[in-house]
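Chemist: Pasting in a structure now, in structure tokens, and then I'll have a few things to ask.
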């Protein structure tokens, strides 16, 4: 029997409680979730793709249904390479929905893959990786915005 595999792609710089919430809720729908860390050489990141992969893989080490990979190129090509059955995306607001809907339509046109949009838990909707990066740049404690037990190193 073919497994239902979700591909959850993003920069995850850093991985937040909101991301972890989407992963957990995806597992209620899919057999496996692949967290795919996109590499974009033009984008300045706080952590290298390798470090992000190590951090997230360490956090989910005891969870065999969750994989962590890095990739470059188009996400729709990665869908084919991994055998994923759908993309999963989290949305925090109406503006996120508009952006994600357009992207979902494009991905479906290019590859036929469906996108499952999950609304972020309202208690987490204010959390974004960019806000966490900014807090880190000011030396602030960001542990409230990261999954419990998640280590940034």
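Keep in mind that glycine also has a Cβ here, set from the backbone N, Cα and C atoms.
So Swiss-Prot has the following annotated:
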- 11, 43, 75, 89: substrate binding site (BINDING)
- 11, 12, 19, 90, 91, 92, 100, 124, 125, 126, 127, 128, 129, 130: ATP binding site (BINDING)
- 19: site 'Transition state stabilizer' (SITE)
Chemist: According to DSSP, does residue 100 (ATP binding site) sit in a helix, a strand, or coil?
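Modeler: Once the DSSP labels are grouped into three classes, residue 100 (ATP binding site) ends up as helix.
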Chemist: Looking at the binding-site residues 19, 43, 89, which one has the fewest other Cβ atoms within 10 Å of its own Cβ?
Modeler: 43
Chemist: Have a look around residue 125 (ATP binding site) and count the other CB atoms within 10 A of its CB, chains all included.
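Modeler: Excluding its own Cβ, the number within 10 Å is 15.
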Chemist: Near residue 127 (ATP binding site), how many other Cβ atoms are within 10 Å of its Cβ?
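Modeler: The Cβ of residue 127 (ATP binding site) has 20 Cβ neighbours within 10 Å.
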Chemist: What does the structure give for the C-alpha distance between residue 91 (ATP binding site) and residue 11 (substrate binding site)? Integer Å is fine.
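Modeler: Distance between the two Cα atoms comes out at 15 Å.
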Chemist: At its widest, how many Å does the recorded ATP site span between Cα atoms of 11, 12, 19, 90, 91, 92, 100, 124, 125, 126, 127, 128, 129, 130?
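Modeler: Output for ATP binders 11, 12, 19, 90, 91, 92, 100, 124, 125, 126, 127, 128, 129, 130: max Cα distance 18 Å.
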Chemist: Considering only the binding-site residues 100, 125, 127, 129, which fall within 10 Å of residue 11 (substrate binding site) when distances are taken between Cα atoms?
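Modeler: So the list reads 129.
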